[in-house]
Amino acid sequence: MATRLIIGLGNPGPKYQWTRHNAGFMVLDHLSRVMGTSVAKKSFSGLYGEGSWHGDRLLLLKPQTFMNLSGRSAAEALRFHKLTLSDLIVIHDDLDIPFGRVKLKEGGGHGGHNGLRSLMQELGGGGFVRIRIGVGRPLRGDAADYVLANFSSAEMAGLPALLDGVVDLLGELVRNGLPRTMSLYNNKDFLPAA
């Protein structure tokens, strides 16, 4: 039974609950419901839970440090559980992917994402799997304001299908590994056809 740490990135508090930047938190909350566990224990400078799923032990973590300090929480959890970067899956929002689409990758830079920047600084590199949740770019205005704004009503209507799709993707990743999951899910549109 493999142990994996899955971190959903976001900002704590009700003010940020439905913002685009909290896509990682939303996926982790949905995954925990599917697994029949909760992410409510205060540990590792975050909210933490664990359970078994598809034969693996999954450790779920939502850092409560605010986005730009997420790496501290991740480093604490990895050290405590004696895990390496290859055991880590990070779920985060991505401006360069349209809403409804998801991309997976292993390694790479932070692409200007402050949560990833913090993780890479604290962990000494970026050699972990990322599940990048597309939130799209604003037509006009500041990207920082955009990711800290709530999803639009049209996006909110598509969130359940997107969250279900990402949990299916995670199940495939846990069962069958990254190459197969990438071939099945990379850039897949999870939104229902209009």
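Cβ coordinates are placed from backbone N, Cα and C, and glycine is handled just like the others.
Over all protein chains present, the Cβ of HIS21 (active site, proton acceptor) has 22 other Cβ atoms lying within 10 Å. If you look up Swiss-Prot, you'll see HIS21 marked as active site, proton acceptor.
Residues near ASN68 (tRNA binding site) in space but far in sequence (CB under 8 A, at least 6 apart, same chain), listed by position: ASN114, GLY115, ARG117, SER118. As annotated by Swiss-Prot, tRNA binding site applies to TYR16, PHE66, ASN68, ASN114, with the evidence given as sequence analysis.
ASN11 (site 'Discriminates between blocked and unblocked aminoacyl-tRNA') falls outside any helix or strand according to DSSP and counts as coil. Within 10 Å of the C-beta of ASN11 (site 'Discriminates between blocked and unblocked aminoacyl-tRNA') there are 22 other C-beta atoms, taking all protein chains into account. Sequence annotations record features per position, and here Swiss-Prot assigns site 'Discriminates between blocked and unblocked aminoacyl-tRNA' to ASN11 based on sequence analysis.
The Cβ of ASP93 (site 'Stabilizes the basic form of H active site to accept a proton') lies under 8 Å from the Cβ of LEU9, ARG20, HIS21, ASN22, ALA23, GLY24, HIS113, ARG132, ILE133, VAL135, VAL147, each of these being in the same chain and 6 or more residues away along the sequence. Among the features that Swiss-Prot reports, site 'Stabilizes the basic form of H active site to accept a proton' is placed at ASP93, with the record citing sequence analysis.
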Residues within 8 Å of the TYR16, PHE66, ASN68, ASN114 Cβ centre (excluding the tRNA site residues themselves): ASN11, HIS21, THR65, MET67, LEU69, SER70, GLY115
Diameter of the tRNA binding set by C-alpha atoms, the set being TYR16, PHE66, ASN68, ASN114, in angstrom: 16
Integer Å distance between the CA atoms belonging to ASN11 (site 'Discriminates between blocked and unblocked aminoacyl-tRNA') and PHE66 (tRNA binding site): 5
Assigned element (helix, strand, coil) containing ASN114 (tRNA binding site), judged by DSSP: helix
DSSP three-state assignment (helix, strand or coil) for PHE66 (tRNA binding site): coil
